[in-house]
Amino acid sequence: MVANSERVECFAVDTDLEASPRMPTPDMMATEVHKVAVLQDKTGLRSFRHSLGEVFFPDDPLHRFKNKPFFKKVVLALQYFFPIFDWGAHYNLKLLKSDAISGITIASLAIPQGISYAKLAGLPPIIGLYSSFVPPLIYSVLGSSRDLACGPLSIASLVMGSMLRDEISPEDKVYLEVAFTATFFAGVFQAGLGFLRLGFIVDFLSKPTLTGFMGGAAVVVSLQQLKGLLGIVHFTTKMGIIPVLKSVFDNRKEWQWQAVAMGLSFLVLLLAARHISSTRPKLFWVSAAAPLTSVIISTIISFISRTHEKGISTIGFLPEGVNPSSVSMLHFKGPHSNLALKTGMVTGLLALTEAIAVGRTFASMKNYQIDGNKEMVAVGAMNMAGSCVSCYVTSGGFARSAINFNAGCKTAASNIIMASVVLFTMLLLMPLFHYTPNVILSAIIISAVIGLIDVRGAILLWKVDKFDFVACMSAFLGVLLISVPIGLIISVGISVLKILFHVTRPNITVMGNIPGTNSYRNLAQYKEATRMPSFLILGIESPVYFTNSVYLQERILRWIREEEERITNSKESPLKCIILDMAAVANIDISGIESLKELKRTLERRSLELVLANPVGEVSQKLSHAGTWELFGPECFYMRVEEAIASTSYKI
């Protein structure tokens with residue numbers, strides 16, 4: 001066992017010795033060599049508590065309660081669990097003015113989007129307005145993001161509609177019941193992840209796979225809207241690109257030029273407004289007001305020209321009033337309970353991923369932090385409560401939140417303002433939507449989801465990481481050619497596969513000395529780096545676990561063989577010592593330790609020295625407990641590569 005603070009004396013070396021390729025340089029001779037310290041042992045309970053805290057409580061949420069009086073702890077607890085008590089304590093008229101402008105602005109987008117997205121999910125249009133009223137109110141109490149604007153999402157609506165339509169017709173009363181039940185399950189799943197501090201599960205949907213999945217879903221959504229855009233009556237309920245295009249051309253006799261003309265005109269208007277706002281952020285209100293403006297203008301045109309009598313379908317009657325209770329429509333047993341559970345978990349995961357990603361994006365722009373686990377609880381709570389009052393899956397969408405951000409929102413009160421405007425609409429303005437053409441809803445959906453097709457992001461993936469690009473395109477094609485749920489499964493599967501690939505096949509680099517320094521770096525990265533005669537320095541850039549220990553052992557032996565062949569061909573000094581730089585090895589398990597021991601014995605039989613440099617605290621502790629220290633000997637552990645070379649040079 002090596003003492004924690006023990007230091008080896010400097011090597012005294014005669015600097016008059018004749019220089020040779022195998023001899024150390026003067027800088028090496030002067031190198032002070034330290035023994036590696038072993039991390040101090042913790043008790044079993046302390047070690048377990050520390051590990052548990054690092055996994056589930058990396059942000060240390062209880063630190064704010066330390067050394068505070070009881071009353072202060074109660075106040076802090078209320079502010080922690082209900083952030084409205086935090087920002088509400090400092091609220092004033094100046095903040096209200098900013099939030100009112102933001103709330104009214106996003107309401108102008110939320111109303112037509114809510115109606116459109118409900119249609120996308122196969123639900124009555126009024127459900128979209130219900131879902132833009134209650135959930136934002138709940139989030140304003142529980143959410144920690146100042147910028148997240150809540151309501152229905154295009155992707156969650158698409159997935160829910162796709163999964164439910166596979167087994168139930170939207171005209172069936174059961175469809176609505178299963179949708180509400182799935183929303184409740186989504187909320188339970190989301191809140192459960194937050195309570196159990198399992199937010200890292202969301203990270204399994206990587207950026208590349210999400211880019212591909214959302215791009216494919218956007219194309220599918222846009223193609224589905226051809227039914228309304230072309231005025232087709234008989235249309236497929238399938239979501240794949242092939243059946244959709246087949247249905248479009250098989251029913252080309254149903255195409256209506258009036259619907260095509262109106263739909264394309266407003267689609268161009270919406271896309272132009274979107275482009276103006278994206279190129280000139282100060283004109284954010286243009287894209288925010290465009291959907292509602294389009295609804296108003298198209299409704300007036302429809303009413304005056306009586307287009308509904310010429311075959312162009314309209315929304316029709318929408319009931320007035322606040323959300324009715326839907327508790328009696330929640331069914332947790334029955335033939336469709338498994339479908340509701342499956343749909344809830346999938347849509348819940350997607351909604352949660354978007355909410356956290358959007359919340360973190362805008363929080364970083366304003367230099368504040370959001371608590372991912374609290375966000376999960378907030379989103380889960382609003383979906384559980386929403387399912388009881390005729391709402392379906394909701395979350396914080398990017399487009400709506402971006403407008404909220406650009407409009408200058410200061411707190412989550414903007415959601416309260418938005419919900420108030422929606423309530424006013426539901427109470428007094430419902431009859432005005434009677435003549436709104438369905439074609440305008442299709443145009444609004446296409447303009448909203450087209451931004452999800454991230455071509456630049458895919459090109460960047462190709463430049464940066466080909467594997468990520470393959471993952472992106474696999475998810476994209478899976479959604480496009482098979483189905484949305486299968487595309488999601490492919491997305492998650494590829495993400496997990498990538499993790500397994502990196503875990504089981506970690507990178508190992510050959511290192512050399514940067515001339516004039518004591519630094520050792522990757523030879524492939526630094527062309528000026530030079531090999532050290534008789535030494536092979538390998539850097540392991542991954543934890544060593546049972547999943548990769550055998551591979552590492554085999555790969556190191558292959559590096560040794562290749563190095564010996566290179567030395568023979570170039571007639572250099574024979575290989576005598578292998579140094580493993582373990583600075584990047586954050587952890588090691590018993591399988592990894594046994595592989596190191598086996599590698600040590602193998603190299604000893606070949607008269608080769610194995611030396612470990614810079615093992616970090618936990619790794620050194622485990623090596624010590626496993627008896628590796630005794631097998632190797634304390635002279636085979638060094639703090640730095642240069643110390644290992646300086647010390648070992650005298651033996652070889």
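Placement of Cβ uses the backbone N, Cα and C atoms for every residue, glycine included.
Curation does not apply to TrEMBL; its annotations are automatic.
Since the structure is predicted, the reported quantities are computational estimates derived from the model, not experimental observations.
Database features, via TrEMBL:
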type     : residues : note
TRANSMEM : 174-193  : transmembrane segment
TRANSMEM : 213-236  : transmembrane segment
TRANSMEM : 257-277  : transmembrane segment
TRANSMEM : 283-304  : transmembrane segment
TRANSMEM : 339-358  : transmembrane segment
TRANSMEM : 378-399  : transmembrane segment
TRANSMEM : 411-433  : transmembrane segment
TRANSMEM : 439-462  : transmembrane segment
TRANSMEM : 474-501  : transmembrane segment
DOMAIN   : 525-648  : domain 'STAS'
Revision key, fill the gap. Within the same chain, the residues 6 or more beyond the ends of the transmembrane segment (283-304) and with Cβ under 8 Å of it are 105-106, 108-109, 111-113, 262, 266, 269-270, 273-274, 276-277, 312, 314, 402-403, 406-407, 432-433, 435-437, 439-440, 443-444, 447-448
Review point. Which stretch, 174-193, 213-236, 378-399, 474-501, tops the Cβ pairs under 8 Å count with the transmembrane segment (339-358)?
Key: 174-193
Check your understanding: Within the domain 'STAS' (525-648), how many residues are helix, strand or coil going by DSSP?
Key -> 63 helix, 21 strand, 40 coil
Point to revise | Cβ pairs under 8 Å between the transmembrane segment (174-193) and the transmembrane segment (378-399), at least three | key: yes
Revision key, fill the gap. In the same chain, residues at least 6 away from the ends of the transmembrane segment (474-501) whose Cβ sits under 8 Å of its Cβ atoms read 158-159, 162-163, 204-206, 208-213, 215-217, 219-220, 239-242, 346, 350, 467-468, 547
Check your understanding: Residues of the same chain, at least six outside the transmembrane segment (439-462), with any C-beta under 8 angstroms of its C-beta?
Key -> 112-113, 115-117, 119-120, 125, 154-155, 208, 211-212, 214-215, 217-219, 221-222, 225-229, 231, 259, 262-263, 266-267, 270-271, 274, 290-291, 294-295, 298, 312-313, 315, 399, 468-469, 472-473
Point to revise | Per-region confidence, the domain 'STAS' (525-648) (mean pLDDT, whole number) | key: 89
